[in-house]
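K.L.:
Under the heading transmembrane segment, TrEMBL lists 322-345, 352-374, 380-401. For 449-739, the entry in TrEMBL reads domain 'Protein kinase'. As annotated by TrEMBL, ATP binding site applies to 478.
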């Protein structure tokens, strides 16, 4: 048995395997580009946007900000003297705060300010580090122990020049130096018997002292060089960086220096709190850009955010911002890339591919927002790029496959149908009627037929249950859709009328019989046929999956009997009144067009709407304007010559379709192992390959078909021969072969009874 040619470019380009490989290739490319830092700016910008979208949190009641405003400076003097600062700090200290953070550089304080630094253990000063000299650029006030000062530098990201991180400590030649915010937080926690403790991998833990034992409360997540959207930041290793989980624009209650000095604040406001003193005003110059707002903020509020984060993590179990390790981030990107690839492979044409991409991007963004609300920073920008690029690549592969196969766009020939509808709309004389609009109406001469119920419809017509008012009989009435009846630019009206003529001319108990024809007042043609009380073969197969051998043969014999008069020739009148005998090829034999009546499965063949008239080529000019794949028929049952649009197509095409139907009745499957029922997108490529290049799997190699006689298997496989010359020449030959293999079934006429 031949298999698909692995080297076939069209097969590869349009396959799910190609789509998945394309998705993986895109994901790998995104991961590679990300690893060299080319996406960092976009990722950090997305991080800022997520931070802005997140609701602001309540202020931290453990902190109070004392702002030295521009008005205060006017009162103190342009260069604020140490004496004025000393009065302010002494006043704050009188309210008995837990710790006072003084965020103003004073390397050489004088007078009372110097004395305060020496004797007040609650007061914490600042220094500025010099990375080049590995020391201090601005030293702390003299005489301060290491636990009473911290460096006030803030890490500014090159991307956007924003402060997204905070320091816990940095390493100088003299050792580790704590940041200003870390010192303030630790002094507040020490009063609650919480102190630093060693942790694994060099991380910092904060533990509770209990009976000379330490129980860890929290481990502070150290920012790695490739944390989240950051890439290759080796300088992170020198310092202990934390992502600041900003509370929002207002981290704590704030008062002005003048209010403190005037005593116009609640004495309880500062008691037991962490108080930070700093400048508030653009003229001071100590302002920084942050992610949660477009406005720059004073530097001392950044230290307050760090203090609040540390205290909240330890005392409130407030989550820090987390991110995944590299393998999980890669997996995240791969999942979005592959998911998009599968969707676009399934629906490769506009607008469905575009809708799929928009839906995936919406889901991705929503997921990222939700996770960020839970403090999770996931790769949004890389995943979004993977979605767009994967969609583009798979769509390009599908387009390449279509070009190689010369098959129009899928699904449903969307672009082609759009052109057809546009032309029809321009020519239409009235809006299209919905099927429900016909219910209760009477059509025909003197309103002979009253439409009662909509039974179904297709591309050209709608079928209704109607009452023949003249004789009181139920009939089926098929009417051309009104918007198609108003124009014949695409031959639809002509094709509908030809269906009427063929069905009326074919005299067989196995073909639905036409009894009347007419035109509605809107100009839509209709015809009347017998109303069949039964079920289609497609419905039977959906319910029963497989049919017994003898039942299958009886149905095939009756289909052959019904096709005989069509293949042998019927007499049709031309528009000029000349009669000629033409042979009719159905071209759309499939279970949906085979109707079974009663307990004995009386067969009725339906829908000669796309039949080919072999002796009337002018009347049967090529037309693929409303078909899938550029041919007339159903891709699942169409013969190889139908796929090729062969000009010499004849009755042996129907015999091939009969072989497909027989195979499906016996096995419940198709001979090419193609999954799914769809006839759009990549499935169409698979059907093309199956019918033209892949040999059918022998029935008896299937476990469920072990009981199929070898003679019947041979008959079905002969029907499925790729070359018409290798099939049965006529349905009569096929009928004789079936009866020879099953003599007990008698004639076809007995089979129907």
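Positions of Cβ are set from backbone N, Cα and C atoms, glycine also.
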K.L.:
Using a Cβ cut-off of under 8 Å, list the residues of the same chain at least 6 residues beyond the transmembrane segment (380-401) that approach it.
P.N.:
9-11, 13-14, 18-19, 22-23, 25-27, 29-31, 34, 39, 42-43, 46, 50, 229, 329, 332-333, 336-338, 340-341, 343-345, 348-349, 353, 356-357, 360-361, 364-365, 368, 409-410, 681-682, 685
K.L.:
Counting every protein chain present, what is the number of Cβ atoms, excluding its own, within 10 Å of the Cβ of residue 478 (ATP binding site)?
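P.N.:
Other Cβ atoms within 10 Å of residue 478 (ATP binding site): 27.
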K.L.:
Do any residues of this chain, six or more beyond the ends of the transmembrane segment (322-345), have a C-beta under 8 angstroms from a C-beta of it, and if so which?
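P.N.:
Beyond its ends, the transmembrane segment (322-345) has Cβ neighbours at 16, 19-20, 22-24, 26-27, 30-31, 221, 226-228, 353, 356-357, 360, 364, 375-379, 382-384, 386-387, 389-391, 393-395, 398, 681-682.
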K.L.:
Report, as numbers and ranges, which residues of the same chain sit near the transmembrane segment (352-374): CB under 8 Å and 6 or more residues beyond its ends.
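P.N.:
Those are 46, 50-51, 53-54, 319, 336, 339-340, 343-344, 380, 383-384, 387-388, 391, 395, 411, 414, in sequence order.
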K.L.:
Pop the mean pLDDT for the domain 'Protein kinase' (449-739) in here, whole number is fine.
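P.N.:
Average per-residue pLDDT within the domain 'Protein kinase' (449-739): 83.
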K.L.:
Check the DSSP secondary structure of residue 478 (ATP binding site), expressed as helix, strand or coil.
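P.N.:
Residue 478 (ATP binding site) sits in a strand per DSSP.
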